[in-house]
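Trainee: Sharing a structure here in structure tokens format.
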Amino acid sequence: MIVNSKVKKSKAMLTDTAAGLTWAGAQCKLGRLLCTPVPPGQCEPKAVQADQQQQEDGDEESGSLRAAAEELRHTAQRQQEEIRADRRTIRELAGKLAECEGTGGGGVVQEERERERGMMGDEGRAGGAVEELERAILHMKERIEKLEVRRDTSKGQGAAVQRKVEDLEEELKRRMKLLEEERKNLRQQSQKHQDHIDQGLDAIHQRISSLEQGLSENRFPEGYRLSFPVRSSSMYAVVKHTMPALHAITVCMWLRPTQSVLGTGFSYAVPEQSHELVLQQLVHGPIEFIINNEVAQFTLNLTVNAWQHVCVSWNRRAGVWHVYLGGKLKGEGKDLAVRHSIRPGGTLILGQEQSSMGGLRFVASRALVGELSQFNLWDRVLTHAELYALAHCSTGMLGNIVPWNSREVEVFGGVTKQPAEHCDHHASVRQ
């Protein structure tokens, strides 16, 4: 449209210029007809002067036309460049639009290229190219609007899916909470059942113990003995009597070893010390009397498969200790655990050495093998007369701290209780 207006303007300027030239010629000719009194030499110079003036005016108008034409040419070139830039932009937008639509954009690009070739073939028709660009832009606008509608629909669907996911998460959390509550209730119920079972087992155990004690008293009216048939880490007996603090002691028992090595007669352990009070004989060694992990050693000639009465005594004053066999003194010493008091609240085990208080991991090589009876413990040092009477079965005196009765001793691992026979079958003790 701009080109057409400028062409029309140029045509009008050319028409006006031609009309001006025709009118000027006629005016000059009319002047020669009317002016009769002409001095010599004046008419011709004026005509020549008028012609020169007209020629100059024509040259100026021709220059203006050439400038207008040049301007039109530059304008047309700029429009062509703008059209090319618009085509490139349209091609880029068409490619991106095809990618957004998820379909091949080759047809759109090919269509735009054909349009470009058609428009390049007819560059003079600038108005048609502009209209073509307008149609392409409208087409792209429609496609973009469709994409926006599709995107809004997708957003709506995505929001619905998100809401469903959130609802599922809430439902899952609710069910997990219910499951956790059910588990908690089950644990509480299981704990209650377990407590009830434990109480029942304790009651049964107490009932069995009382029955065993009654049976033992009925079965062994003259007393009983413990039998350790083999040297094993699982055979032992526990004395369930509570131990107080002791400043002096006397321990007596009847022993019948079945091998030359006695093993461990008894061991008392507290949390602070596993060897608080021990009597044992290790392989090819002397008998050891241990208090607070301090050791006194002595030798006893024990007869295999014969009952022998053994006693040990100790006093914290000067740590004096004595050992008796068959009521006779066989060893003595001092400075054993001086000023030490045997600590209370420990565990007393017969037939095994404890590595820790109440520990059940015993060493088989240190276990007692044979028989044991009449284990008694006093909180004082007995006299020679009392010890002699015990060794010859002339008294039934029991220990005031640990007395020998079946109610205080519990056996494990194959240890058996049998009727006592130590006072009926004495074996002579080598002097």
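Cβ from N, Cα, C; glycine included.
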Trainee: Please find, within the list 39-85, 180-226, the residue stretch that TrEMBL describes as region 'Disordered'.
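Mentor: Matching range for region 'Disordered': 39-85.
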Trainee: Which cysteine out of CYS311, CYS393 is the one TrEMBL pairs with CYS252 in a disulfide?
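Mentor: Checking TrEMBL, the candidate bonded to CYS252 through a disulfide is CYS311.
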Trainee: Provide the number of Cβ atoms within 10 Å of the Cβ of CYS311 (disulfide bond), excluding the reference atom itself.
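Mentor: Step by step: centre on the Cβ of CYS311 (disulfide bond), count other Cβ atoms within 10 Å, giving 22.
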Trainee: By DSSP assignment, list the helix, strand and coil residue numbers for the compositional bias 'Basic and acidic residues' (68-85), in that order.
Mentor: 18 helix, 0 strand, 0 coil
Trainee: Please report the number of other Cβ atoms within 10 Å of the Cβ of CYS252 (disulfide bond).
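Mentor: Counting Cβ neighbours of CYS252 (disulfide bond) within 10 Å gives 24.
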